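S.K.: Feature annotation from TrEMBL assigns domain 'Aspartate/glutamate/uridylate kinase' to 16-226. Per TrEMBL, ATP binding site is recorded for LYS21, LEU22, SER23, GLY24, GLY65, ARG69, THR172, TYR178, ASP181. TrEMBL lists GLY64, ASP84, THR145, GLY146, ASN147, PRO148, TYR149, PHE150, SER151, THR152 with the feature UMP binding site.
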Amino acid sequence: MNDEPPSPSSNAVKYKRIVLKLSGEVLRGGKSGDPIDAPTLQAICNQIKEIHALGVQICVIIGGGNIFRGLQGSKQGVDRTTGDYMGMLATVINGLAIMDCLEKLGVTTRVQSAIPMNQIGEPFILRRAVRHLEKGRVVIFVAGTGNPYFSTDTTAALRASEMRADIIMKATKVDGIYDKDPVLHPDAVKYDELTFLDALKQRLSVMDSTAFSLCLDNNVPILVFDLSDEHAIRKAIAGEKVGTLVHA
Ligand code: UDP
């Protein structure tokens, strides 16, 4: 497999190094309802391949909510810490699915896990992760931060700060941030852009508070967008108006 980094086509690329945060739910299929739906996974990986070919350095942080969330587990009687480890393991399953799919599309990947599991991936080593990006490999970070009581949004904020990424692209099933819940309120208004301060003042939930404060403190912009458009990520990379951008 070709391991050379693709040559960057700078006019199509506004962000050179990105953290792409995928919530676990984006892998769930509409038709099959499977936690990891093959056509949905393929469509997402095609989008990653498309921006990889533009020379963008990509870190993928994958959630696990399509399989297990510690908080939900604790409501059903599972010890919170145990449940959080179960959630982190769910991200490993999702990460391996993404790895497999991307490799089959000809994109070289490396999986780095915050909980060492040598048979499955490398341990998280910052300098090695940066080197992978420089060599044109997509780095998939799994097992969250490795600590219970955190989220994969916080992982994205942490890794983006450590890796000095230009932006966190948070792909969800909603097409941006609204002044109120668009499902409950048909008159909800979507924001194109927001400052961190606006988001705080209006108590808008962009990410959980730990993740949001990390982005605020380290000045990492966040783009919240919907993945269902098959070129959504490329459009976002080109700086087209997609989703909601939260910045300093
Ligand atoms: N988790 C954790 N520590 C982390 C990241 C994740 O304990 O650093 C656990 C937590 O239980 C969480 C689950 O893994 O609910 C899945 O992650 P998350 O809810 O962030 O996934 P997403 O909502 O993005 O699919």
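First residue shown is number 1, and so on along the chain.
Placed from the backbone N, Cα and C atoms, the Cβ positions cover glycine too.
Show me how these features fit into the shown structure, please.
M.R.: According to its DSSP assignment, ASP181 (ATP binding site) is coil. Taking the Cβ of ASP181 (ATP binding site) as centre and 10 Å as the limit, one finds 10 other Cβ atoms among all the protein chains shown.
A sphere of 10 angstroms centred on the C-beta of GLY64 (UMP binding site) encloses 29 other C-beta atoms. Reduced to three states, the DSSP call for GLY64 (UMP binding site) is coil.
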S.K.: Reduce the DSSP letter at LYS21 (ATP binding site) to three states and note it down.
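M.R.: Once the DSSP labels are grouped into three classes, LYS21 (ATP binding site) ends up as strand.
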S.K.: At its widest, how many Å does the recorded ATP site span between Cα atoms of LYS21, LEU22, SER23, GLY24, GLY65, ARG69, THR172, TYR178, ASP181?
M.R.: 25
S.K.: Within the set SER23, THR172, ASP181, which binding-site residues show a CB-to-ligand 1 distance under 6 A?
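M.R.: The ones that qualify, in sequence order, are SER23.
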S.K.: Express in Å, rounded to the nearest integer, the largest CA to CA distance found among the UMP-binding residues GLY64, ASP84, THR145, GLY146, ASN147, PRO148, TYR149, PHE150, SER151, THR152 named in the record.
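M.R.: Roughly 14 Å, rounded to the nearest whole number.
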S.K.: Can you give me the Cα-Cα distance between LYS21 (ATP binding site) and ASN147 (UMP binding site) in Å, rounded to a whole number?
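M.R.: Roughly 18 Å, rounded to the nearest whole number.
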